[in-house]
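Peer 1: Got a structure for you, questions after.
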Amino acid sequence: MPAHILVVDDDAQQRSDMAEMVRSLGYHVTTAADGREALDRLASAPANAILTDLVMPRMDGMALLKELVSRGDRTPTVVLTGFGSIDQAISVVHDLKAFWFLEKPVLPGAMATLLERAIQQNQLLKETERLHSQLSFAGILGDLVGDSPCMKEIFSLIRQVAPTTASVLISGESGTGKELVARAIHTLSSRSGGPFVAVNCAALPESLMESELFGHEKGAFTGAVERRAGCFEQAQNGTLLLDEIGDMPIGTQAKLLRVIEESKVRRLGGSTDIPIAVRVLAATNRSPEQAVQNKLLREDLYYRLNVFNISLPPLRDRKQDIPSIATAMIRDLNRKHSCRVTHLSPEVLAWFADRSWPGNVRELRNMVERAVIMASEGEVQLRHLPGAVQAPPQAAVAAAAATPAPVPEDVLQVPVGMTMADVEQAYVRLTLKHTRNNKKRAAEFLGLCLRTLHNKLQSYEAGKVRGVAVGDSKVE
């Protein structure tokens, strides 16, 4: 489709002649009799370039340019000037950022050259703005990178919902980047100047949940030695992320719903309501609909939070994104650790593509970070990955089938006769050993919330399940 040129001149004959000349150069042309009419034309059909006279009734060329500048419209504008007004035209080019000027009568050759250059500049400006937008967006999203169709849809949803005030429910497996999405929504919203507060509902003991969310007055309960503002007050004029909302006690969910609907909160032990202006986002690593069916999430709260839903895909469903994700991570990790790693070897990329990634993007980042530190510079090779993963998974399986090998420390042996309870305890403890007793990481590996893991460990310590073999030792 030919480029669109808008010709603006109050003289009907000159306007017609100019339009005919521009059409003869192969452009699509619309016309306007003054600046006001030109703005109306632009509102319905943006132009690739504008040709405008300076002296016109109602709104002249100067006023038109000023209005375009105030609107942030960077359409290249060529000023048409008669004899004696060249100085004024040069001033317009300098002060009002017009593209250039043409002296009447206009020669076709000069018109052709100037329009071609103006349109090229317009294309370059748009491409620069597009790239700047992409880079800015990528900076906001951190590790949430990808060109797969599902990720393009996620990015589009973030851009759509961020400028609104709607509540958003973000779902996805652990490690898929739910908090990154929440932070991006906050950063791209009108509340970006306010605080972003994230609270992990799964990590809070039930006895402290309401105090953490709503705050408390001094003496409200044993240990409340001073007044404390809750998360809603801390997020005033900003955004509050309720992570793992499905792990919040049902009773607390009812109080949360009332706070969201009434936009006011009362501290524990308090007697006055405090107005709040907070955008609430929620996240969960389980199916929200299933959580409602299982009575883990109140149906009314679900509908209040699920005004807009963003469901993040697991990494195994978008493996084509792994090379670009890893490249972005390497850039960030080089700065963090003062390394000079350039890329991943084809063998490493093949191994990554063959892996199921139960820990998703978080697991990938941990592996890439370790590899960047080990390689320090140049290419990351298989030898820079943890010892257990240096061979591609399928090759490792084939080698194990051909030659029996000693059982590694991080592999669980399950002899016949072991009960499922024994197997579970052994696997939980082996995972804790693998994470060096980091319970949060262990919970992520196991697909459990932190509270559930704590409960299981307490039951083991209470002696409900004892004497389970892990490798060559016993768990007592």
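Quick reminder: no glycine exception, Cβ is built from N, Cα and C everywhere.
So TrEMBL says this about it:
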DOMAIN    4-119  domain 'Response regulatory'
DOMAIN    144-373  domain 'Sigma-54 factor interaction'
MOD_RES   D53  4-aspartylphosphate
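Burial and contacts for the listed features, if you can.
Peer 2: Mean model confidence of the domain 'Sigma-54 factor interaction' (144-373) amounts to 92 (pLDDT, 0 to 100 scale).
According to DSSP, D53 (4-aspartylphosphate) is assigned to a strand segment. All protein chains considered, the CB of D53 (4-aspartylphosphate) has 25 other CB atoms within 10 Å.
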